Structure formats: structure tokens, C-alpha cells
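Have a look at the structure below before the remarks.
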Number of protein chains: 4
Amino acid sequence: MSQNKKVVLAYSGGLDTSVAVKWLQEQGYEVVACCLDVGEGKDLAFVQQKALQVGAVQSYMIDAKEEFAEEFALAALQAHTMYEGKYPLVSALSRPLIAKKLVEVAEKENAVAVAHGCTGKGNDQVRFEVSIKALNPDLEVLAPVREWKWSRDEEIDYAQKHGIPIPINLDSPYSIDQNLWGRSNECGILEDPWAAPPEGAYDLTNPLEKTPDTPEIIEITFEKGKPTAIDGIQYSLSDLILHLNEVAGQHGVGRIDHVENRLVGIKSREVYECPGAVTLLKAHKELEDLTLVKEVAHFKPIVEQKMAELIYNGLWFSPLKSALDAFLQETQKNVTGVVRVKLFKGHAIVEGRKSPYSLYDENLATYTKADEFDHDAAVGFINLWGLPTKVNSIVNKKEQVKA
Amino acid sequence: MSQNKKVVLAYSGGLDTSVAVKWLQEQGYEVVACCLDVGEGKDLAFVQQKALQVGAVQSYMIDAKEEFAEEFALAALQAHTMYEGKYPLVSALSRPLIAKKLVEVAEKENAVAVAHGCTGKGNDQVRFEVSIKALNPDLEVLAPVREWKWSRDEEIDYAQKHGIPIPINLDSPYSIDQNLWGRSNECGILEDPWAAPPEGAYDLTNPLEKTPDTPEIIEITFEKGKPTAIDGIQYSLSDLILHLNEVAGQHGVGRIDHVENRLVGIKSREVYECPGAVTLLKAHKELEDLTLVKEVAHFKPIVEQKMAELIYNGLWFSPLKSALDAFLQETQKNVTGVVRVKLFKGHAIVEGRKSPYSLYDENLATYTKADEFDHDAAVGFINLWGLPTKVNSIVNKKEQVKA
Amino acid sequence: MSQNKKVVLAYSGGLDTSVAVKWLQEQGYEVVACCLDVGEGKDLAFVQQKALQVGAVQSYMIDAKEEFAEEFALAALQAHTMYEGKYPLVSALSRPLIAKKLVEVAEKENAVAVAHGCTGKGNDQVRFEVSIKALNPDLEVLAPVREWKWSRDEEIDYAQKHGIPIPINLDSPYSIDQNLWGRSNECGILEDPWAAPPEGAYDLTNPLEKTPDTPEIIEITFEKGKPTAIDGIQYSLSDLILHLNEVAGQHGVGRIDHVENRLVGIKSREVYECPGAVTLLKAHKELEDLTLVKEVAHFKPIVEQKMAELIYNGLWFSPLKSALDAFLQETQKNVTGVVRVKLFKGHAIVEGRKSPYSLYDENLATYTKADEFDHDAAVGFINLWGLPTKVNSIVNKKEQVKA
Amino acid sequence: MSQNKKVVLAYSGGLDTSVAVKWLQEQGYEVVACCLDVGEGKDLAFVQQKALQVGAVQSYMIDAKEEFAEEFALAALQAHTMYEGKYPLVSALSRPLIAKKLVEVAEKENAVAVAHGCTGKGNDQVRFEVSIKALNPDLEVLAPVREWKWSRDEEIDYAQKHGIPIPINLDSPYSIDQNLWGRSNECGILEDPWAAPPEGAYDLTNPLEKTPDTPEIIEITFEKGKPTAIDGIQYSLSDLILHLNEVAGQHGVGRIDHVENRLVGIKSREVYECPGAVTLLKAHKELEDLTLVKEVAHFKPIVEQKMAELIYNGLWFSPLKSALDAFLQETQKNVTGVVRVKLFKGHAIVEGRKSPYSLYDENLATYTKADEFDHDAAVGFINLWGLPTKVNSIVNKKEQVKA
């Protein structure tokens, strides 16, 4: 019976996925809508209802904020993932979690397919599809929007013909995705990389011109690389990030304007706001500077760059992710302590850091009489450290003379 | 005859190197002082004179600002050298140039040795000595301060006994080194990493609280990776950097507070100010984001990290430096264009970038009807991109069921 | 006029490309055949003639052996490119050169397209198409075999219907590609990775069981990283490699059996024979061990791995290739000298190496009285080298006691 | 009381450490000798006795073969550690274990110091001292041989004066270190890198000329990356390696002649024999080629190179080692299966490999009708894979025309 052929659709409440409900029905599917709360701050009860209204046979609304914080945002924080040195992975982080939930619902509902609303040009389609195939290679993946290739006008026609409500903000020039870790925005005006982003492109952060003239000093407590408290008050990780988004956002922290290389081969320009993420990344790095031994500090960036690429490229559920994770977990054992951050005029300035595992040894570092450093050791050290260079110089001088 | 046994001393005018002149004489050397202008903004004519006054037989003052800018600062800019992700290499950049000049003077003066005023605990002794050995392995290197191991009081006694003037700022808690690329500062109070740096530790930058309330917008022109003009006005590179130090410094750009891993095995905390460097680094990176092809953009950071470590570790005059340079030069061919930067409240915000070599293709990036991107290609791409992950999943599922 | 719509076809003389001539004609193209001699040792005059016989309007035969040796094989040698540590890039090296020649002919002939005979599953289609797009993005690329998707029987039917001669070795189980740098072979029996490759899979090398019982000692001269002479006799590079293929092949050097990860997402197993390449790679590495300074020797493998992946992945004509090349060229300046190699029982054993630029210093290395090494320096060196580890240990011990 | 001031000496039974017993006594220490069996195949009961005879107050003989195999050799195997691509870490692997045992004995015996017999020029002094400081930073480390700096004659004089027996092989030109994982040899004649190593330099392997004319085929079983059986017979890891040393050694497998860069800044040439290690490394790599997903296979070499450097450089007991280990352990989960190896004429040729976790999918790899690969997907893949290169080409062509 055809009613058994179910598809689970990642439903956002917008025009594309609302039209997709109907379109998938026309392809012979029963549509189960699935909407995740990963901290985008929308009215998701409304979205859940709307799915049913436009024809879904069932509508899930899953609060995944804490799972997102603990499993995804925390990994990004500890790996300092910054794609191309700038983008702290907003959508790239939530896609695998959404894929995981879609698969879980699909397996529970005996669905044969899952569907997402991505077009054919973005990174998210890759992240969804590779994640889904990794989690359940038997599920079919449908991408209605990529498949139907309608113009905006054709899509509106279709919606009106089928009684699908047109969102009031349809003419917004912005295309937004948001979660706990930040907010991303592509928009028409950004397509000229010489033009500054319009103020309306931002939502989570104050413009510098409107930030308070008084700084705010906060102390962030980390335990084994995980932020657990602000100013001594314990928070769940999702609450801590949401709280920081507010506090740091008010001070204008975390605006990013990035011309980036997409996995699908083009350069695109996007604007991000990540007030909490940027604050935590700065604080966490400073605590690592204090507690990681030099050799770890110098190799970890190699692992970090690979992790950022891997997540950006949709390979979250892959064996390399697990192996990089194992490395990173091992580095976090002593990343425990308190970091004092001054939020002011768009900056998250680390002013102080302390840890019971601090490897900063004042008696070695000091230039006072307490100095315990062996100054004579330097002579031998330099002698051997520079020996290859010196031998090279002797040999080449000799050769130059010959030549 | 003993008058032929000459040493060339890197002379700064401070107490240590002034005492060193006398001390080296007592060891039987004629001392040739050598003072370099790499943009530290001190009265070097006075320093040159003082060397003679404290006993040098000759005193050189060399203006190396443009050479420093063109050969050293530019390499650091194009390689985005940031030691441990934070320190843009201030002293680490000038040491090899000073070493080079000392060797040139030593060869001209037929000196048998060169001398520097470093202690046994810093990185600079390594940089001086390895550079000198690389350039002329026959020259002996002396390090009087490291050798005599006097306490401050013993040194003052010696100075007074030998009529060496005591600098009036002797009680300054700060130990400063400065050049075009920035200013570094170690000081006693910084030895507690929980304490914020005192305002007095800074000199090139306004505190955020005192920066202008009106932003300054500048346009920086780059040609093949080299900044050549600001707001359309051509500058020599050293003048351009000095100019930016002023302009960006006024807006509080470029303060850095870093707990770093020294080459000699300890962690130390230092404060840096690099207003021009930070502004240029940001602008240059954005122009690369626009003009470098993805594969180059993703490998260059590996080369950059190696370059930063190598320079930090004193291996400027080494074959690896030349090889990394060759890679980097090749990447700069198309890094030509203009970057618009907003200097405001400690930020150097890139608002726009343009280039005749821009690889950002609006017709591929756009979501308008002008879109030339082949959306269907994504389906095949994802299929093959995710294939290893999918096969892995199929094999492991099978195994899980078996187990 | 339709006769102006020309396609240049990479023609091998085999069934696929012979059928493709006819098939392309049916699509309305005039076919210009183009056959390259990159050292595969086939009768190419015959192939050139056959192209005309099956319907090409023109047939090029280009001797590209020396260009292949100087531009492609040499780059692979100096970069020690070994994909996944095993495969020295046989077909991956010739594809970009063939693409280059196809484009040159296409531009000369005013063709609108080029065509290759690859299927949809291999790496070579990627290498051809990306190279062609890099060299002339306006040319269309056709892949008849990938497009027609015929079974072997359907293809033979088509050939017989159109009077295309069926090669006598059509039932050979082997699929071969060969050039100066080696020979690759995929075949049915190899599809079981537990089965040993049959002896018939090999052609360039003797089986170990049949190699001479007397070793052959040769001396290879390198100048700036390029092999120029064997036993004192100068050769052009292509002749030198061909000569070594014979000599080393007789001794059974260079058989490789590899399960590899293709760019298109699958694992495949292939058998390679590279007697000359393997001999040269060993000899060149040993000369580098003698002449490269440590820091270069330790970073070069990172560049090498990237170069191998890039070439394997079809990005020869890309900016990253040029930048990696620049690095590598800089490293070869002193790779000059002679290497003595013993060819015996499948081995190319380097027994001796010498160079005017040797950095091996007997007076430093010796344990005799001539020893010039400063043994005391080691004490200081170890002290500082181990300092981070020691501080970490002290801090963690303290913590363990506390806990 | 002075009798409480104990030192634990790494005792080998040779002249240097025998003399060191007496010399340390003269410095006021009670000497506890400690001799480890890590598979060097010497008569260690004799060595244990000799220590007492030359004056040690106590003499330990510790069988650490299985611990060495399980903790050290296995890590080297799974990380494919090959220093500079050639040296599989013989002495570098045993030094940290010896250091660990010395520290354990020192703590048990309440010793204040440990001592080793290294000179000031090798890597081993660094490995011993950094390991000891890492394990117990309170222990003093003594290096009598490095300190006394006697010539050979002076040392013999001292020995004769104190009744220390002179070993009969004192005039051997060879300096040997051996354990389960292999045998290293430095010797005078090797100091000329143009000279071939004399046959007498080798002990564990037959020369190719004397290897059997009949190959030996063995099947090695791996479980999670660890070899557990040969030809179906289970072995403890140390026995398995010892067994392979014999079998593969007979066939001449594992001779290595290496000009290497020591940590202490010089190039040295050494000869190694590692028949078991080389056989296992080849087999293990092939099983990984079958079972590791591409992304892991391509990043693991970066981790491997770092691991090899770290171990070579004496940082076994360091946090980076633990973090790299965690990565590697995660990669070994599916490295389970059987590898068939043909030992013949110095080769360990992998002829077949199979695994329940094999990611080689015949139905994807085949060119028969069973082919399940989606050939059309390649078109889209190539389109996007080559897009950055193509856009770069279009932009640059345009520019060339303009220029």
C-alpha cells in the first residue's frame, strides 16, 4: 500500500519545505515532517503545526539544543575549528545532527526516504546526504528543491494553487540559518565583495557604534576543555552558549564577513555572527596556551585544520572524525581553569588566565633573582640547534669559493 | 698585535651593551659598536655617540628600515606568520637582519668576533648566533651579558666604577624591543598570567577607551602581495608601515597579550603592539581569499605555520627558508587589488575587496536568474564524494549485525 | 558548415577509440586523431595509420618522450611522488601531457571539442577533463565510451557493422597503460585482493626466480636533482629512463601490487612495474639524505605527499602545482653527485653516495680522535630540549598528589 | 650516611659501563646495576653476574621482552614509524622502556640518581635523560662516559688499574645495539658514505647471495592492528617478532643503510637489520590499504611522521605521544584480517590480503557486468572537482588578453 511509502522531511516552516510537502505527496509519499530546535530562536511550535497544515501526516519537533551543544559545538570549540581561518562552522555543525535525527525518525517510522530542502549549489546538501548515507545507507535521499528547479515565481504559483501559505517575509533579501553556535546569512547585496554588508544583515550583535561604553568583565570556568560556569554560576552548555550570545552580542562581538571556498567548487561570500562562539574560542585557546605542552600546542593546529575541513565538507560521521576526536580528547585533560574576559567594543579580550595545571612557571620565566633557569644550558643548546645550518654554511662557502 | 683583535657589538645604548663595551675591552678586544635603525623610533644619533663615549673605537649607525620592510616585514606579511596563532614576529624578524649587518661590518673591519647583549634565557640569543654562524661560520660569537651573570646591582657597581652613565629609565619595569613591524614588552607584572597588562605597558596604541568615536576608512592597494599605496597615495614599504602604525595605532588596533612557548623550553608572557602589521595582515588575507584558488588557500597555512616556527626559532638564513619563500612568492602573483578597511575601536575591519584577478564569480555564486552553476552536477559529486563513507558504513553495518 | 565542427580524439589504436571515431562522426563531428608517444613502446606508426583507416580526417603522431621525461617524470622523481606510499604515478603523469597536446592540436585545427576514451569509473577521465578545462576552458570535452555505456558485445556488434577491425588481443584479460615512467595493469583476476597477480600480468620485469645470479653495479650521476649519466655515459633523460627500465627490469626491480583509493571514491587494485622509476627514486632519495639540511629533509615529505595527491587527482595544471614546484626546485640546487646502485634480485640497493655538497661531516660524525663535535654542548641541549616535558611532569605530579 | 646515596646504572656488561661502576663509586655512590632483556639475544645472566664482580652492590636483570613488544614495538608497527622514511626506530624504541625500568628500580631502591653509558654525541643520551626527567623529575641523571671524556687508551688504563676485565671483542670495529625490533650498527668503515657496508656489519640477515632459492610463504593474522598468529599458530607478540626475525632474516629481509640526521645536529650513517619489523610493517600497511577509509589513509601519514620524529627525538613520555596514540588506536579497530607474505631474496612481498572489514568492494571495482558503480555520477563530480581550476583559468586567460 502506498501509504506505507514514507519520507521524513527536514521541515523549516519556510516556503521551500512547505511546497516540498505537497510536491512529495504528488510523488506518492506520505510526508513526516521533522523540525529540530538547535537554538535558532524561532517559534517551533508554530512550525510544527504548519507542517500538518500543509499536508504532513505527522510532525515532529525535537529539542536537540543540549545534544547540539555537548556533541557538536563542544567539538568545534575544542578543535578551534575555523574554516579557512575565519568561519567557525555554523550550519556545517548542525547538518549532521539534523541528519542523525532524520534517520532516527525514518527508522522509527519505517520510512524509505528522507528529504531536505537544499538547492544544488550549497554545501548543506553534501552534509545532509553524506551524513544520511553514513548512518543508514539503505535510506533514499530526496532533494525536491534541487530537483524541481523552479523559479521563484513558478514556486509561488505552485504554492498558491495548492493553498500553501506564502510567508510574509518572502521578499526578505536574506537567507538565514541559525543555531546556538551562530547565525549565517547570504544575501543578494553580499554578492558584490566590494560592498560592505548592510546593517540589516545582522541580528545577534550590536553594531560597534551602539555597543555600551562600559566594558563587561566575565570569568569563564573550563573543566577538561568544557566551559561549565560564567562568573561562578554553573550552566548547562546550551544555556551557557545562549547566555554568552546575549552578553557578547550586546558588545558587538563575533561579526564575520567571509569570502569562502565552498566544497562544490565556487567562492561565495557570507556573513556570520557568533558572539558566544568567538568569546569561547578565544578563552579556550588562552587556557590551552597556559596548559598545553609546547609539542602538543604546535601539532594540534594541524589536527584542527583537518577537523575544520572535514566538518565543513560533510564528513562528520566518518572514521577520520572519530580518530581526530580521540586525539583532541586526549589534549583536553588539563584544560581546566578560569579565563577572565573583557567584552568591549566588539572585542573579547582575555585579560587573565589561571589553572591548577598551568605550565607557566614563574620561577623559570622571571628575570628577578628567583630565576631558576639554567642560562649556561643555552650555549650548548644553540650550538647543536644551529649545527645543521652551520655545516651547510661551511660546505656551501667552500663550494662558492671553488666555483 | 692586540689592536687587531676586533669585535663588533650590537649596541643599543642601554646599560647592558654600554657595560659590554668596557667588559669586552677588558677581555682584550677593540670594540666596534653597531646600531641599526629598523624603525624603533629612538634617537639613534645619540646612541651612536654614546658608544664612542663609553669606549668603542668606532660606532656605526645603519638605517636599515627599508631593507627591513622589503625583505623581512614583507615576508612575514605574505606568509601570515603568526607564531602560535598570535604573535606576528616582532623581534624574531629584526634579529636576522641585525646579524647580517653585524657580519657585514665585521668582515669590513676584519673583526674576529661579533657580540650581542642577550641573556641566556631568551629566543634572541639563538636567532643572533644561528644567523651569524649561517652567514660566516668563522666568526666567533660573544654574549657578555650571558657570560658575566651579574645581578643588577653588580652591573651598576661595575658601570659606576668605569664611568659608564646609568640610563635614567633604569628602574622602568619594562623591557622593550621595537621595530617597524611592532613593539614587544616583557615586564615584571606580566609574570602573573592572571593579571591584566598595565596601561603603561603600551605605547603605540590608544586604549580602546580613548580611541576616536568616528571610524577611519582607508583603502590599501596591493601589487603581487605587496602593499604599495594607501588611499591612492604611493609609499615606500617602510613609510607605509610607519604610517599605518600611526593611523591604526590611534584607533587602538593591534594589542596582543600572549603566553608563548619559547624555543628555549619555557613559557613566557609578552605583550605586543602591532597596529600596522595587524591591519596589513587582515587586509592581505582578505585579498588572498578573493584571488587564491581553493587548493592553494588550503595548503598555504601549512607552509605559513612552518615559516612562522622557522623564523621564531632563528633559522631565517637556512635552506628551508629559501624553499618556503619560493612557494610563497609563487602564490602572490595574483594578489593584486584594493582592500577597504574600517579602523575603529581596536578593529581593522575589511569591508570590501576587489581585484582584477578575483576568482569570485558572481554568475556562479548568485542565487538570481543569472546563475550559471550546474545544479545537477551536485548529485554526481555527492555520490562520489561520499562513496568511501558509504561503503564503510555498509561494511560496518554488516559486521555489527554479524557480531 | 558541419565539416568545420571538429573534435580531436586521444587515439590509442584499440577497440574503444576506434569505435569512438565512427561514433563521433555519427554525432556530426569530423574526427582528428591524436596519438602520443610517451614511451609505451608500441608501434605508433601503425596506430597513426589505423586512425585514418577507421575514419579520422587527420591523424597526428607526436613524439613527446623527451618532454614527458623532462617535465613530468623529473617532477615526480624530485618530489618522490608515491601515492599512498606505493604508486609512483604512471598514468597520472602522462594524462596532463596528453591533455596539453590535445588542446594544442585542437587550437591549431580550430576544433570545438576534444575527446578521450575513458569510462566513468577511473581516475583518468578526471585528469583529462580538468587538465583540458585548465588549459582551454572554451573547449568542450567528450567521453564517448562513458556516454554510450555499451556492453562489450554491443560494442563489437557496432564495430563489425561499421567495418572497424577487432584487435586480435581483444580477449586479453589485461588493461594496460604504459609510459617511460612505468606500466600499469588492471585485470579481472586482480579483483580478488587475496589472489596473487599472475605472472602474465607483468611485462617489463623478470620474475625474481629468473633474474640473473650476478648483481649489476651502476653509478648514476645527478646534477641539481636530475639524473644525467649512468656509469659516466651521458643520456637524454628519456633515454636514461628507458635504459634503466631495461637494466633494472632484467633484475626484477619495481613490481608493485597496490590496493588504492581512487579519486572517484572506490578502492581498486592495480599492478605496476616501474623498474627505472624505482631505481631512480631510491638513488635520488639517498643523494638528498646526504645533501639536504635536516629542516628541509623533514618538511619536504609534507610537500611531496601533497604533490602526489594533486597529480593523482588531476590538478597538474593548477596554481598549487606551480607553488609546490617552486619549493621543490629550490631544494634541488645541491642534489648533485653520484650514487652507486647494486641491481640484484629485485632490489636497487644504494651502496654508496658522494657529493661535493655533502653535509655529512666525517669529523663531526666520527668516533675516532678526529672528532670535532662538542660533547659538552649536549648537556645544555638536553636540558632545554626536555624542559617542556619536565615542567609538565612536575606540574602533573603535584596535581596527582593533590588529587 | 654515604651508603644511602645510590645510583642505578643501565648496565650492558661492556667496558664503558663496567668502568662506570667503579668511577661512580669513586664519586661516592653505591651502584645498583640494571640490565634489561629487550630481545638482544645476549647472555644476560652473565652480564648480571659481571656487574657484581666489577663492584655493583646489587644487580638487576629484568626480562622486558613482552612489555617491549606490546607497548613499544606494537606502537611503532601501527604508526609505521620510519624516521626519514628509512629507519624503523630500533634503539629509539628501547630507550624509553629502559629509562622507565631504571626509574622504577631507583624508586624501589631509594636511589638519588640514575646513570647511563652514552657519549655526548648520540641520540640515546637525549632519549634517556628526557624520559627519566619525564618519569621522575627529582632524580639526578649521570652520564659518566660523557663526563670523563677519556680516550680509549685512558679508559683501558683505568680498567686495568681497577681490575676490570677487558672484553675480548674490544677491538671489534662495530658498535651494536639490538632488541626485538632490530639491530643497529655504527662502525668506522661506515664513516665513508661512498663505501658499501662490509658483510661483517650484519648479523641477523643472510646476504642476498646466500638466501634460499625457494621462497617461503607465510600468513600473518592481525587483530585490531596487532599480529597474533603466523600460519594459524598463535604467538605472544615478542615470540612472534623473534620468530619472524629468524624466518625473514634467513631470506635476507630488512637490511637498511641510512645516512640520517641526528637530533644533536649531525648527519651519521648507520646500518640496521630489522627482518621481523620490515615484514610486519609491509603486511600491516597492506591490511590498512584494504580496511582504512580513504580520508583516514590520507591523514594517518601526517600523524605517523610526527610520531616517528617524536620517538626518535626522545619524547616518548610526553603528552603529544598520548594524543597521537589515541588517534592511532582509533584507526586500528578494523585492521583485522590475514596477509599472505612471500619471503624471498630479501623481499617480503604481500601477495594477498583479506579482512571481514575489507572496504574493497568487488562490485564497485569490477569492470564486469556485476558493476554497481554509477558511471554518470562522474560527470557531475568532475564538473565540480575541477571548477576552481576552471574559474582560475577563465580569469587568468581574460587577464592575459588584457595585458
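Each position is counted from 1, following the chain as shown.
Note: Cβ is positioned from N, Cα and C throughout, glycine not excepted.
Small disclaimer: the values here were computed from a predicted structure and weren't measured.
Feature annotation from TrEMBL assigns domain 'Arginosuccinate synthase-like N-terminal' to D:6-165.
TrEMBL lists D:ALA10, D:TYR11, D:SER12, D:GLY13, D:GLY14, D:LEU15, D:ASP16, D:THR17, D:SER18, D:GLY117 with the feature ATP binding site. The local packing around D:ASP16 (ATP binding site), expressed as other Cβ atoms within 10 Å of its Cβ over all shown chains, amounts to 19.
What TrEMBL lists as L-citrulline binding site is D:TYR87, D:ASN123, D:ARG127, D:SER175, D:SER184, D:GLU260, D:TYR272. Listed in sequence order, D:SER91, D:ALA92, D:ARG95, D:PRO96, D:ALA99, D:GLY314, D:TRP316 are the same-chain residues six or more apart from D:ARG127 (L-citrulline binding site) with CB atoms under 8 A from its CB.
Marked as L-aspartate binding site by TrEMBL: D:THR119, D:ASN123, D:ASP124. D:THR119 (L-aspartate binding site) falls outside any helix or strand according to DSSP and counts as coil. Neighbour density for D:THR119 (L-aspartate binding site): within 10 A of its CB lie 17 other CB atoms from the protein chains shown.
According to TrEMBL, the domain 'Arginosuccinate synthase C-terminal' annotation covers D:174-391.
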Residue pair D:ASP124 (L-aspartate binding site), D:TYR87 (L-citrulline binding site) - Cα distance, angstrom, rounded: 15
Binding-site residues satisfying Cβ distance under 8 Å to any chain C Cβ, from D:ALA10, D:GLY14, D:ASP16, D:ARG127, D:SER184, D:TYR272: none
Among D:THR119, D:ASN123, D:ASP124, D:SER175, D:TYR272 (the binding-site residues), residues with Cβ under 8 Å to chain A, listed in sequence order: none
L-aspartate site, defined by D:THR119, D:ASN123, D:ASP124: further same-chain residues with Cβ within 8 Å of the Cβ centre: D:CYS118, D:LYS121, D:GLY122, D:GLN125, D:VAL126, D:ARG127, D:VAL264
Listed binding-site residues (D:TYR87, D:TYR272), ranked by Cβ neighbours within 10 Å, top entry: D:TYR272
Inter-residue Cα distance where the pair is D:THR119 (L-aspartate binding site) and D:ASP16 (ATP binding site), in Å: 10
Candidates D:SER12, D:SER18, D:ASN123, D:SER175, D:SER184: member of the binding-site residues with the richest Cβ shell (10 Å): D:SER18
C-alpha spacing of D:GLY14 (ATP binding site) relative to D:TYR272 (L-citrulline binding site), in angstrom: 21
Inter-residue Cα distance where the pair is D:SER12 (ATP binding site) and D:SER184 (L-citrulline binding site), in Å: 15
10 Å Cα neighbourhood of D:ALA10 (ATP binding site): matching binding-site residues from D:TYR87, D:THR119, D:SER175: none
Remaining residues near the recorded ATP site, that is with C-beta within 8 Å of the centroid of the site residues D:ALA10, D:TYR11, D:SER12, D:GLY13, D:GLY14, D:LEU15, D:ASP16, D:THR17, D:SER18, D:GLY117: D:VAL19, D:ALA20
Among D:THR119, D:ASN123, D:SER175, D:GLU260, which are recorded as binding-site residues, the nearest neighbour of D:GLY14 (ATP binding site) by Cα: D:SER175
When distances run from the Cα of D:GLU260 (L-citrulline binding site) to each of the binding-site residues D:SER12, D:SER18, D:THR119, the nearest one: D:THR119
Rounded Cα-Cα span from D:SER12 (ATP binding site) to D:TYR87 (L-citrulline binding site), Å: 23
